[in-house]
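*Asks:* Quick paste of what TrEMBL says about this protein:
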type	residues	note
SITE	Arg19	site 'Transition state stabilizer'
ACT_SITE	Tyr24	active site, proton acceptor
BINDING	Asn75, His81, Asp88, Leu102, Ser103, Arg112	substrate binding site
ACT_SITE	His101	active site, proton donor
Amino acid sequence: MTCSLLILNGPNLNLLGTREPQIYGYETLNDVAQLCHEAADTLGLQIDFRQTNHEGELIDWIHQARTAHAGIIINPAAWTHTSVAIRDALTAVALPVVEVHLSNVHQREAFRHHSFVSPIAVGVLCGFGVAGYRMAIEYFVHVFTNKK
Ligand code: DQA
């Protein structure tokens, strides 16, 4: 069976490319999706790449992942710093989670230094721009390969 990852993106990430490019870069969300698909194809994984501006929708997708995916890569965007509900959903489905941020949130405003997700994540990648997504996919390949 091919291993499948759910890659989730939170609010405002649909605006990548034009949104504060000095912080988030010039790549669009489509560019990020393409990078993820190329990495997954090369590494022999399936991915489902999604973005939403609606917290409940993201939570529904996390619940559905329980039976459909082997792990979750999530950039929760602003919900990182606000959402107990997303953290609880991730804990409830009990899948390994890697948290990704394009920017180095620790170099930024103090309110971005706290993450509700980090304590329940396997690891956090932040500050590597879009490459963080590829690194997260590579991490899962490493884990899945060592499990075989
Ligand atoms: C972000 C960092 C968050 O603080 C912010 O709210 C975002 C994007 C990042 O990818 O750097 O929307 O998650």
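For all residues, glycine too, the Cβ spot is worked out from N, Cα and C.
Help me see these features in their spatial surroundings.
*Replies:* In sequence order, Asn12 are the residues near Arg19 (site 'Transition state stabilizer'), counting only same-chain partners six or more apart with C-beta under 8 A.
Secondary structure from DSSP puts Tyr24 (active site, proton acceptor) in a helix. The Cβ of Tyr24 (active site, proton acceptor) has 19 neighbouring Cβ atoms from other residues within 10 Å, across all protein chains displayed.
Non-local neighbourhood of Leu102 (substrate binding site): Leu16, Ile23, Tyr24, Gly25, Asn75, Cys126, Gly127, Phe128, Gly129, Val130, Gly132, each in the same chain, at least six residues away, with C-beta under 8 Å from its C-beta. In the three-state DSSP scheme, Leu102 (substrate binding site) falls into the coil class.
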*Asks:* C-alpha of Asp88 (substrate binding site) to C-alpha of His101 (active site, proton donor): distance in Å?
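*Replies:* Rounded to the nearest whole number, the Cα-Cα distance is 20 Å.
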*Asks:* Ligand 1: which of the recorded positions Arg19, Asp88, His101, Ser103 have a Cβ closer than 6 angstroms to it?
*Replies:* His101, Ser103
*Asks:* Tell me the Cβ contacts of Ser103 (substrate binding site) under 8 Å, same chain only and six or more apart in sequence, or just say none.
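*Replies:* Correct list: Ile23, Tyr24, Cys126, Gly127.
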*Asks:* On a simple 10 Å Cβ count over all chains shown, which one of the recorded positions His81, His101, Arg112 is most densely packed?
*Replies:* His101
